[in-house]
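Feature annotation from Swiss-Prot assigns DNA-binding region to 22-69. Annotation source Swiss-Prot lists domain 'DMA' at 144-180, citing sequence analysis. According to Swiss-Prot, the feature compositional bias 'Polar residues' maps to 232-243. The region 'Disordered' feature in Swiss-Prot is assigned to 232-260. Residues or ranges marked as compositional bias 'Low complexity' in Swiss-Prot: 244-260.
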Amino acid sequence: MMIGNLHVFPNGRIERERKPKCARCRNHGLVSWLKGHKRHCKYKECACEKCNLIAERQRVMAAQVALKRRQATEDAIALGLRVVAGQAIDRLPQGPVWNTAGGEDEDMDYLDEEIEEKPPTPVSEELVPLKRKKVEETYELSSFSPIELLMTLFCEHEKHVLELVLEACHGNVLQAIEHFANVRRVKNINQMKLFAAATRMDHVFPNMTNFILPKQSFLIDSLLEQPTFPVSSQASTSTKTCDSSSVDSISPNSSTFESS
């Protein structure tokens, strides 16, 4: 229950709403509300021992905040990789950015004023469906099993090969993807080397294919055909003379036939 700036508990205890105060003014015995006070603080250039201690503490706090924000970003990236890899997550892990102690509030009063938060940018209605679409695509990727994801990315390999490599990687999908990506890269490099060597040989020996490749296709029937040899003119005339003499020898008008 709230009454003005007072918070009333059920047991009747009243607690005022806490407002951060300027630490530099507090060191010099003044009480100043921190909101909108940074530019007008008359002790902002003070170099006394207490104010120097506050400045050093502010630098340490700023470094801690930057470290926690970077850790939260890395956790978000790791969580996205887990979702893409298809690993089941029961609940979202608590990031280190939320593990801030309550006793540091007074030390960070002045720091809160120095760290200027960016105003929230208005989100147009056109960008909202795009964000929802990205979330839906992430959920669709998480529905793939590891072996299905590998089969989608490396369809040139057989399924049992993908299963063996995934088993050798102890179920680590990212390691299996890296392995197959390296295999594909080496294969492409070898193909490029072979193509370059063939192109080089073609430039050096342009007629090499005429000696290697036959001009006509080989048929087994060509072995069964009787070879034809070229016959000279003298051989042809002698052959004709022999044929005519043999015919005359057995002709019915010959003397041999009459004597018989």
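Just so it is clear, glycine is given a Cβ too, placed from its N, Cα and C backbone atoms.
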(request) For the domain 'DMA' (144-180), would you mind checking the mean pLDDT of the predicted model? (result) 86
(request) May I have the DSSP-based helix, strand and coil counts for the residues of the DNA-binding region (22-69)? (result) 26 helix, 1 strand, 21 coil
